[in-house]
Amino acid sequence: MSSKSALKRVSALALVGAGSLARAGPCDIYASGGTPCVAAHSTTRALYDDYTGALYQVLRGSDSSTTDISPLSSGVADADSQDSFCKGTTCLISIIYDQSGSGNHLTQAPPGGAASGPEANGYDYLASAIGAPVTLNGQKAYGVFSSPFTGYRNNDVNGTATGDDPEGMYAVFDGTHYNTGCCFDYGNAETNSRDTGNGHMEAIYFGTGDGSGHGTGSGNGPWIMADLENGLFSGYDHINNDADPTITSRFVTAIVKGEPNQWAIRGGDATTGDLSTYYSGVRPDGGYSPMIKEGAIILGIGGDNSDSAQGTFYEGVMTTGYPSDDTESKVQANIVAAGYATTSLTSGPELTVGDTITLRVTTSCCSTRYIAHTDDVVNTQVVTSSSDDTLQKQASWTVQTGLGNDACFSFESVDTPGSFIRHSNYELHVNANDNSKGFSEDATFCPQSGLNGQGNSFRSWSYPTRYWRHFNAIGYIASNSGPHSFDAAASFNDDVSFVVGSGFDS
Ligand SMILES: *[C@@H]1O[C@H](CO)[C@@H](O)[C@H](O)[C@H]1NC(C)=O
């Protein structure tokens, strides 16, 4: 144990002794258990009682400047400082700092073996800074909402487990944000962003991936599993582990830990109760014992940069040494005490479910145009109160509860009931609701105050870096600069701001 950890223990004890409110963090607890953190990441709170440094860095769209977000005296991130820095523009999370003192910060994931990210330089996308708002004991903070093609990584690590070294990990995720894509992971991976073989990873996985035939948990998922490379494992190889349950809680604590020929999956509701052990036993056959861990750290992607998964990360750590169940119980109690809860995903002029609305463009070129559709293509058209009934209906929308998240909204076509505005390949279309998870998510948008100060901007729930935008009179979900022509930074704020009305101007 480092002298730094020892000092932390002393200061935590001193707080208890003084009778003041001790708020030993998860990493103080791991240190007390003899398995200190070697990486500690959170955009929502300090993970040590005395950590006052930066939690994360945000990158602002308007001028590409950055600022660090630090904890308030409560330990919770100063979300207000982010909100003021990002006012009237977009922000991305550009660095998630390592609080452990080991320098294991997470930054934009570079190209890998499985996939080159969609950014021009082959990197994955950075996450929106506002995709995952929550409160911790009533104080607002933001998690990391990772859409497909979003990823963070550190290949130049310091002190994380390698080879068959013991390690522990936990992460707090959104139990309702997942998919089957590979792979929403947090933990230990290859240092060259390539698949270097079985046993070269040991990361927490969350989602409904089928584990490439290595078995899943019970029910339909999502499950907490382990990504050990070339397989997601719910327990012993090739066997569905009925003890690894489908997760149903909004906030989930997920644990994977491993030591020579022994590993475990544990989990629980991050807002109440203790952890359960879903698997504890020997390693799978086929090259997983001894492990050949490389020690890089990934978030939101697979070890080879497979980047089609989605999920939300709030906090997580990696330790040196195999933490005891008792230590993890204390960490879980600390997470529960942090008081994670949901909060509003919207802002700006309020929408009311059941209302019929119109959506007027605010860009000065085009302010007589409204969001409309021609067949399945969403576009903008000049519409007035004297336009014919057909055109007026093509440009009228019924506000519905968000199909994919009831804190946001979906927009049903007035002339084609049962069809909704949804994004597909970043284009906006009007398609019939097929009731699939994918459609529901693609048809869910979160209005916020218009980025140009007028009306609302409509953020994609599933790709929160992207907003409804008109570009050459066609509708897209666009980011504030990016690889597509419709991501152009010029005129972005105007092109993504729309005035909600109840009819058409004359
Ligand atoms: C590596 O980690 C140790 C222990 O936390 C720390 O003292 C040291 O400064 C770190 N090295 C770098 C380069 O960050």
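Cβ coordinates are placed from backbone N, Cα and C, and glycine is handled just like the others.
Positions annotated as active site, nucleophile by TrEMBL: E229. Cβ environment of E229 (active site, nucleophile): A189, E190, D195, T196, G197, N198, G199, H200, M201, G303 lie under 8 Å away, each six or more residues apart in the same chain.
When secondary structure is read from DSSP and collapsed to three states, D304 (active site, proton donor) falls in the coil class. All protein chains considered, the CB of D304 (active site, proton donor) has 24 other CB atoms within 10 Å. Look at TrEMBL and you will find D304 tagged as active site, proton donor.
The disulfide bond annotation in TrEMBL covers C27-C37 (among others). Secondary structure at C27 (disulfide bond), as computed by DSSP, is helix.
Sequence-distant neighbours of C91 (disulfide bond) (same chain, 6+ apart, CB under 8 A from its CB) are V58, L59, R60, G61, Q82, F85, S128, A129, I130. Annotated disulfide bond per TrEMBL: C86-C91 (among others), in sequence order.
C182 (disulfide bond) counts 22 other C-beta atoms within 10 Å of its own C-beta, drawing on all protein chains shown. Taken residue by residue with DSSP, C182 (disulfide bond) is part of neither helix nor strand, so it is coil. Residues or ranges marked as disulfide bond in TrEMBL: C182-C183 (among others).
Summarising the environment of C408 (disulfide bond), the number of other Cβ atoms within 10 Å of its Cβ, over all protein chains shown, is 22. Under the heading disulfide bond, TrEMBL lists C408-C446 (among others).
Annotation source TrEMBL lists domain 'Alpha-L-arabinofuranosidase B catalytic' at 26-341.
With DSSP classes pooled into helix, strand and coil, the tally for the domain 'Alpha-L-arabinofuranosidase B arabinose-binding' (359-500) is 22 helix, 60 strand, 60 coil. Feature annotation from TrEMBL assigns domain 'Alpha-L-arabinofuranosidase B arabinose-binding' to 359-500.
For 1-24, the entry in TrEMBL reads signal peptide.
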Cα-nearest neighbour of C27 (disulfide bond) within the listed disulfide-bonded residues, C86, C183, C408, C446: C183
Neighbour count (Cβ, 10 Å) for C37 (disulfide bond): 30
Length of the line joining the Cα atoms of C37 (disulfide bond) and C183 (disulfide bond), in Å: 24
Average model confidence [pLDDT] within the domain 'Alpha-L-arabinofuranosidase B catalytic' (26-341): 96
Shortest C-alpha distance to C182 (disulfide bond) - which of the recorded positions C86, D304, C408, C446: D304
